[in-house]
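Colleague: Before I ask anything, let me first share the structure, which is written out below as structure tokens.
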Amino acid sequence: MPKLIKNQDIIDDNYQLLETAPAADQPLPEGNLLVPLTDWLENQQRYVNHQGSVGVWLDSHEEPELLAAQIQSLPVIAVNFPQFTDGRGYSIGRLLRERFGFLGELRAIGDVLRDQLFYMARCGFNAFAIRADRCIDDALNGLKDFSETYQAAVDQPQPLFRRRQMQAE
Amino acid sequence: MYIYDQYDQTIVDERVTQFREQTQRYLAGELADAEFLPLRLQNGLYIQRFAPMLRVAIPYGMVSSKQLRKLAEIARKYDKGYVHFSTRQNVQYNWPQLEQVPDILAELATVQMHAIQTSGNCIRNTTTDQFAGVAADEIVDPRPYCEIIRQWSTFHPEFAFLPRKFKIAVNAAKQDRAATLVHDIGLYLVKNEAGEIGFKVIVGGGLGRTPLIGTVIREFLPEQHLLSYLDAVLRVYNRYGRRDNKYKARIKILVKALGTELFTQKVEAEWEHIKDGATTLTQQEINRVTSHFSVPTYETLPATSQQLAQQLADDPNFNHWYQQNVNAHKVPGYSIVTFSLKPTGVAPGDVTDKQLEAAADLTDQYSFGEARVSHQQNLVLADVKQDDLYPLWQAAIQHGFATPNIGLLTDIICCPGGDFCALANAKSIPIAEAIQSRFDDLDYLHDIGELDLNISGCMNACGHHHVGHIGILGVDKKGEEFYQVQVGGNAGSDASLGKILGPSFAKEAVPGVIAKLLAVYVNQRTPEERFIDTYRRIGIKPFKEQVYAKAH
């Protein structure tokens, strides 16, 4: 089974990612599924009776706003990074967590590499499907690049200037 | 100057460790070229024509004598004994070894310097007026806000992989000395009718392939909302800026595509959600950062020094230099001195290790141990007693800093061009030198007066050619270098973009073309007019006719 970094640990990935929606006349694969955003929005009935858990993945150009209404029903939301240089997913992560209050697993998928993990974690991602050709144990180290940060973000809602102040008081 | 506390130092030190480790993984073949590229760029490291190039940040241009000495030491130890001051208030080393870059960064960290985000598709070094804090026409000192932006932008997790590079400039004086209107975000510090400090927010300016003057999206942003508003602008850009074509990826293209009104609506809507969050600045934090830029212990002095008046009367060369390279200071008895890094025959902005050390000593002796770097690639000693100007001038002559050409034709803004830069289509340094050599008569230069001449070796416009009163752009024509000439650009608060004169010229013809442009100006000017004023009054036609007239 493929591996996943989740909550700073390496675990088995027990979700199957469906890159495209299965045809309407085909049965759904068994087990936990990650299905495309548009498919989930259009064909929710189809997933209601599914045996496994169903999560949604969206691409970097898609609008996380579309999930807002039903966000708490989702166990997993995955955001695709088509290239590691495509930074839209960072904004999507913050919006899902900070604006829409998503509390479940937020997973980075696609071109996910060690040197991006620290930023992703700050933007609310707590799970990382590391690119298949890379060592996941090595990637785990990427979460520890810095012990201190300036800005407010999901992992640290108080910017350093406010924490400095509290320290001084 | 801003002094790091333990948090700032920890972040910079951890960056050195991180980059050392990334470099090792790259050298071991564990990171592909394409993967290492954005990582090294975010640390200012380019792979250039001959060697890597390392760009070191001088945040908002402030540099201490201790830092100048460290830059000199690094130049000697790891490079060829000189550094280049760029048009972005940065310093560039042209010959470092890739393997040694982590060591250089470690040395920089010992004097609170770094190369963080000096390149790459992220928020770059924030720039400002080189006279910040001492200019008489200033509303408030912009440097604390620049430092607040520096901290906010450093390793901002959401904006480390933007569609393109992102540049912010802040100006607080009546005269805009920071080319604010041609930045991705330009901030003018202003006071409203109630006397509160805030920002006029300008977005979407920029040079390069599609030069544009920024547009105002907010007339007054109260200062405490600075960072959340920047977050909102950047978030809209990060989500909706184009990524399919790097030439159309800057925020100016997004602003243009959406229109200012819709773009502004999107930013304001985003900001509504975040405006009162924890990122809202506190007065305590503004005060804390401001206290680092406290006023030096100035002496109480008469407004004008008798001694200086006598020296100016006695020594015409000193007088010349004083007129050109010295500016008024807001404190009585003090002056702002600009060291010219543009003597003829030296690449504009290049300084040797020995010169850096001499500048450090003079800074200690005459200007409270601090200097500034200007985007015009000169070095500023901002707090010099008028009584000290004469000995400082004499020392500046010895070290090659006293060319009395600040603001004149030979004070050329010039990118490194084809001699160093892998992107360039043409050389720019030899063009600057040819122009400096042709116009070496000081009386003539003074007669011509204020004139910005900017040279870029390619469309990326690092030499800001679009906003030069005269701008020169190197172009490639079937493998040969030619030069396109523009007139009418200006970088100030009445910013304008230059217009192309006509067909480009061979290298040898350029100084002659400049001479013809100047001749039109001299013939047509009114006594008060600068070159740019005459151009604005008479238009491009007379210049064009003179330059392209057939020889009789």
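Just so it is clear, glycine is given a Cβ too, placed from its N, Cα and C backbone atoms.
These came from TrEMBL, pasted as-is:
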{"type": "DOMAIN", "residues": "B:53-109", "note": "domain 'Nitrite/Sulfite reductase ferredoxin-like'"}
{"type": "DOMAIN", "residues": "B:119-274", "note": "domain 'Nitrite/sulphite reductase 4Fe-4S'"}
{"type": "DOMAIN", "residues": "B:346-395", "note": "domain 'Nitrite/Sulfite reductase ferredoxin-like'"}
{"type": "DOMAIN", "residues": "B:411-548", "note": "domain 'Nitrite/sulphite reductase 4Fe-4S'"}
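Walk me through where these features lie, including what they touch and how far apart they are.
Modeller: Helix, strand and coil counts under DSSP for the domain 'Nitrite/Sulfite reductase ferredoxin-like' (B:53-109) come to 29 helix, 16 strand, 12 coil.
DSSP places the residues of the domain 'Nitrite/Sulfite reductase ferredoxin-like' (B:346-395) in helix, strand and coil in these numbers: 24 helix, 14 strand, 12 coil.
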Colleague: Across the domain 'Nitrite/Sulfite reductase ferredoxin-like' (B:53-109), what does the mean pLDDT come to, as a whole number?
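Modeller: Value for the domain 'Nitrite/Sulfite reductase ferredoxin-like' (B:53-109), mean pLDDT as a whole number: 96.
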Colleague: With DSSP helix as H/G/I and strand as E/B, how many residues of the domain 'Nitrite/sulphite reductase 4Fe-4S' (B:411-548) fall in helix, strand and coil?
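Modeller: The domain 'Nitrite/sulphite reductase 4Fe-4S' (B:411-548) comes out at 57 helix, 28 strand, 53 coil.
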